[in-house]
Amino acid sequence: MSSASNAMAGGGGLFSMVDLFVLSAAGGFAIYWFFIRTKKQEQPTFKKLTVSPIVEKGSSSGFINKMKNTNRNVVVFYGSQTGTAEEFATRLAKDATRYGMKGMVADPEECDMEDLSQLRDIENSLVIFCLATYGEGDPTDNAQEFYDFLQSGGADLDDVKYAVFALGNKTYEHFNAMGIYVDKRLEELGAKRVYEIGLGDDDANIEEDFVTWREKFWPAVCEEFGVEPTGDDSNQRQYTLEVMSDIPREKTYHGEISRLGSFVNQKPPYDAKNPFMAPMTVKKELHKGGGRSCMHIEFDITGSKIRYESGDHVAVYPINDSKLVEKIGQRLNTDLDTVFTLTNVDEEASKKHPFPNPCSYRTAFLHYLDIQSPPRTHILRELAEYAEDPKEKEFLLSMTGSDGKDQYNEWIVKDHRNIVAILEDLKSLKPPLDHICEMLPRLQCRYYSISSSAKVHPTSIHITAVLVDYKTRTGRQVDGVATKWLSEKVINDDQKHTIPIFVRKSQFRLPFKPSTPVIMIGPGTGLAPFRGFLQERDYLKKEGKPVGDTILYFGCRNKVHDFIYENELNSFKESGALTKLHIAFSRDQNKKVYVQHLLNENKDEIWNVLESGGHIYVCGDARNMAREVHSTLEQTVVEKGNMDAAKAADYIKKLQSKGRYSCDVWS
C-alpha cells in the first residue's frame, strides 16, 4: 500500500512537469491564434468597412446649402403616404416662380430638420409644409422623424416664416392632426405664420380645398415679402425628354419600384421600394349571388423571410388596364413601345426622374402612372395648352380657378373622367405623351387588411377584397385598379401569377394576454382582420392556453348572398374560439338592421367586457358605420356607467389611449 503510494507520488511529480509544458505550449498557441493571427486577418476587413462614404444629414448636401448654392428662398416639405401631399408640394414650389421667388421640394426624412433655424440667413425665405395625417392622428412615415424632433423640443425658429397645408379626412376622428400640430408647434418655437393653415378634406374635395387655400395664400406671401406676381402663367416643363432607341432590354425598367431587375433577381428584405413577387396560389369567390363579387386571395411568402402579425396590412402594387393604355397610344398616335427617359431640368433636385426610367411608354402607363383617377385642376391647366379648338381650351381653363369649382365637380369628379375620357371627349386635345407622363401622379399601391394569422398560416398571406365595378353617368365603365387586375388572374397548373407585395405593420393588435375578452365589430370586408384574430385565438385555445370571450358583430346585406366565411365562423363557434356571433342582415327584412343596432341591443354585454379590461375593435366604413358605432359606445358608457356625456367621451378617449379601443377604417 505504502509502495504503491510512493510510486504514485513519484509519478505525480513527473506528470506535473509534463502538464506544465503542454499547458505552456497550448497557451502560446492560443495567444498566436486569437490575437496575433486574428489581428492580421481582421485588419483588411476593418479597412474595407471604413472606406464607404457616409453622407450625414445636415452635411454640405443639406437643404440650406442647396438653397444657398442655387439661389432658392422657398422650400416645401411634404409628409405623404399616398403621394397627394408630395404632389401639392411640387405645385407650390412651381408656383413660386410666378411671384419672383424660387422654390424647391424636399422630403423631411432626407433632411436635417434642425437646420430650419438657418432659414433666417436666407433673404426673403419661406418654408411651407404639406402634411398628411395617417392612422390614428399620426405623421406619415417620412415625417415621423420631423414630428419626433418637434416633440423633443425643436429649435429656436425666430424670424423663420412658414405656412402649412394639412391633408386629412373628416370621417376620421383625428382630422388633420399632424398639420394642426405642426402649425401650432412652429409658432410656439418663434416662427411667424405667413398665412392661416389650410385644411384639406379628402372625404369631400381636397383639390378644391387646396386651390381655394392656394389662391389666398400667394397674395398673403406677396404682402409679407413685398413681391408681385410676374404675370407669367405659362407652364414650365419640369423634365426633359430623351428617346433611347438602342438601349438593351435588360437596362430598361419593366415595373420595378426602385432597383432595376428586382422583380427577377429578388433580394430580401422586402418593403415598399423592394416588394416581394409573391405567387398567387388561391383565388375564390366568397359571394353566392346578388350581382357583386368578393374575393378570397392567398399569396405564398415561402422563403421570403416576410413576417406578419394578425391585424397588419399587405400592400399590392397593381397594373393598369391594358385596354385603357392602348386607347391612350391610339388616341395620340404614339408607339407605346418607344423607350424614353425623363430627367429633371433642375440638376439640384432630389427627384431626378418622375418614376423609374428608362422604360417604354407602355411600361410607364401600365405600372407607374395613375390613369384611372380624375385629374386635378393643375393638369387641366397644362392640358389646355394643347387644345387646338379655342372653345375646348377655354372650357378646360374655366375649371382651374376658384370660380370653376362647380364645373370641375360636375364634369370631372361626378362623371369620374380620367385622362382617357378627357382625351376621348375633347377631340382637339393633342398633348405629347411625355408631358402626360410628367403631369400624371404615380400609381399607388393598394393596402388590404390581412385576413389570416401567421400562427396558422406562416407561409401565406390572405386578403379579402370586394371588386369595384360600376358605370358613370356618361355610361363609362369604372373598375378598381387592383381588384379588377386580381380578378382576371386564372390560377391553374399552367399559369403561375406573381404579385408585388410588402407588409405594413399596424397597431391593430390582439391583447398581449389571450385571456383578455374582446369585441370585434366588422361588417362586410371589415371581417378580414377578425378572421385572422379568430384563427389565432382558435390556435391558442387548441394549444391549451386560456382564451377570453371573443365576441363578433358582423353585418352584410343578405344571408344567402354575401355572408362571407360563413362555414369558418360556424366552425369557430363550435370550437369555442368564437364565444358569440351577432349578425345583422341589413336587407333580409323590411326595416334595415346594421351592426350598430345590434350593439344598441347588447349594452350590458359591451359594458361587462369594458369593465373587465376587455378590448374593442372596429373595422370597415369610416363615414357611417364607425361613427355610429362610436356614438353607440359613448351612449353605452353614459347609461351603464352612470356618466354624463363629457365623462363618457373621456372614458372612451382613455380606452383609445391605452390601446383598448382600436379602429382600422377607411372612407
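Using N, Cα and C of the backbone, Cβ positions are placed for all residues, glycine too.
Per TrEMBL, FMN binding site is recorded for 80-85, 132-135, 167-176, ASP202. Taken from TrEMBL, the feature NADP(+) binding site covers ARG292, THR525, SER586, ARG587, LYS592, VAL593, TYR594, VAL595, GLN596, GLU628. The FAD binding site annotation in TrEMBL covers ARG446, TYR447, TYR448, SER449, THR464, ALA465, VAL466, TYR470, GLY480, VAL481, ALA482, THR483, TRP666. The domain 'Flavodoxin-like' annotation in TrEMBL covers 74-218. Per TrEMBL, domain 'FAD-binding FR-type' is recorded for 273-511. The transmembrane segment annotation in TrEMBL covers 12-35.
Here the Cα atom of TYR448 (FAD binding site) is found 14 Å from that of GLY135 (FMN binding site).
Of all residue pairs in the NADP(+)-binding list (ARG292, THR525, SER586, ARG587, LYS592, VAL593, TYR594, VAL595, GLN596, GLU628), the one with the greatest Cα separation is 25 Å apart.
The Cβ of ARG446 (FAD binding site) has 19 neighbouring Cβ atoms from other residues within 10 Å, across all protein chains displayed. Sorting the domain 'Flavodoxin-like' (74-218) by DSSP state (H, G, I as helix; E, B as strand; all else coil) yields 64 helix, 35 strand, 46 coil.
Neighbour list (GLY83 (FMN binding site), Cβ cut-off 8 Å, at least 6 residues apart, same chain): PRO441, ARG442, GLN444. Applying an 8 A CB threshold to same-chain residues 6+ apart, the list for ALA132 (FMN binding site) reads GLY79, SER80, GLN81, THR82, THR84, ALA85, THR140, ALA166, LEU167, GLY168, MET178, GLY179. Geometry remark: ARG446 (FAD binding site) versus PHE175 (FMN binding site), CA distance 22 Å. Among the binding-site residues listed here, namely SER586, GLN596, TRP666, TRP666 has its C-alpha nearest to that of GLY135 (FMN binding site). The predicted model assigns the domain 'FAD-binding FR-type' (273-511) a mean pLDDT of 95. Within the set of binding-site residues GLY480, ALA482, GLN596, TRP666, the entry lying nearest in space to TYR172 (FMN binding site) is TRP666 (CA atoms).
VAL466 (FAD binding site) and ARG292 (NADP(+) binding site) have their C-alpha atoms 8 Å apart, to the nearest angstrom. Distances between the Cα of SER586 (NADP(+) binding site) and those of the binding-site residues ASN169, GLY480, ALA482, TRP666 are shortest for TRP666.
When the binding-site residues THR464, GLY480, ALA482, GLN596, TRP666 are ranked by how far their Cα is from the Cα of ASN169 (FMN binding site), TRP666 comes first. Annotation: TYR172 carries the greatest number of neighbouring Cβ atoms among the binding-site residues TYR172, TYR594, TRP666 [cut-off 10 Å, Cβ to Cβ]. Long-range C-beta contacts of GLY480 (FAD binding site), restricted to its own chain and to partners at least six residues apart, with a cutoff below 8 Å, comprise LEU467, VAL468, ASP469.
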